[in-house]
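Peer 1: According to TrEMBL, the protein has these features:
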type: COMPBIAS; residues: 230-241; note: compositional bias 'Basic and acidic residues'
type: REGION; residues: 218-241; note: region 'Disordered'
type: TRANSMEM; residues: 12-34; note: transmembrane segment
type: TRANSMEM; residues: 46-70; note: transmembrane segment
type: TRANSMEM; residues: 82-102; note: transmembrane segment
type: TRANSMEM; residues: 122-138; note: transmembrane segment
type: TRANSMEM; residues: 150-174; note: transmembrane segment
type: TRANSMEM; residues: 186-207; note: transmembrane segment
Amino acid sequence: MAGDAAVKARTVFGLLRLTAAAVCLVALIHRLAWGLASNTIASQNFFAYLTNQSNIAFVVLLTVAGILALRRAKDPRWLTVALALVLTWTITAGLVFAILVWQAGIRGIRIDVPWSDQVLHFWLPAVTVAAWALAPGHRSVPWRVIPVSLAYPVIWGVATMIRGPLIGWYPYYFLDPRQVSGPMEFLVSSAIALGTFAAVATVLVLISRMPVPKRLRGKAEGAAQSPTPERARAGERVGQT
């Protein structure tokens, strides 16, 4: 009975992951179409945004995670680490986006936020963190994820600063030398951004190390101990020798 309940729990979480991947993909397609309709340089550089790049990775990873949840009792360690990294990037991008929208409102600048932006920046990361932390078969995240999570933003930032002068466009105003007071403001803004990435990664590591509710932990242990078809066949072969 415990094994059946555990399998059902993993199946539910697997289907939720696949659903989230589908929602994220639909939101990305809508955001791309919505941006192209505006015919601006920003929309033409859709794939240059850290948010969109990380959400594309999010779709791929959630699809893999969903399939594995349907087939395995526990997530492999690499999957837990990869989810923590991608969630760090998507959550931080959402926080930065929220700040930019807030600052624009203070300055009287209108920023249209379609439903796809709301899904990509806020709803999906929040729901996925909750499901990821509570999922049966979930593993804790090692502390080394924190410095590793900074590698992609740094590489993305360097590539953006090289590409920016060539096309005359930057995805965020604080990266544009024409919109900041000087090198000091650029460095401070960059340091704050990297600090935010590190802070989000730290919170995710801490969440992953929190005790899983007893009921869910019991289900996960039951799934790990319940015989899979492969184990059952192996047992039959041993019994026949």
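Cβ coordinates are placed from backbone N, Cα and C, and glycine is handled just like the others.
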Peer 1: Under a criterion of three or more Cβ pairs within a distance under 8 Å and sequence separation of at least 6, are the transmembrane segment (46-70) and the transmembrane segment (186-207) in contact?
Peer 2: no
Peer 1: Of the listed stretches (12-34, 82-102, 150-174), which one yields the highest count of Cβ-Cβ distances below 8 Å with the transmembrane segment (186-207)?
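Peer 2: Maximum Cβ contact count belongs to 82-102.
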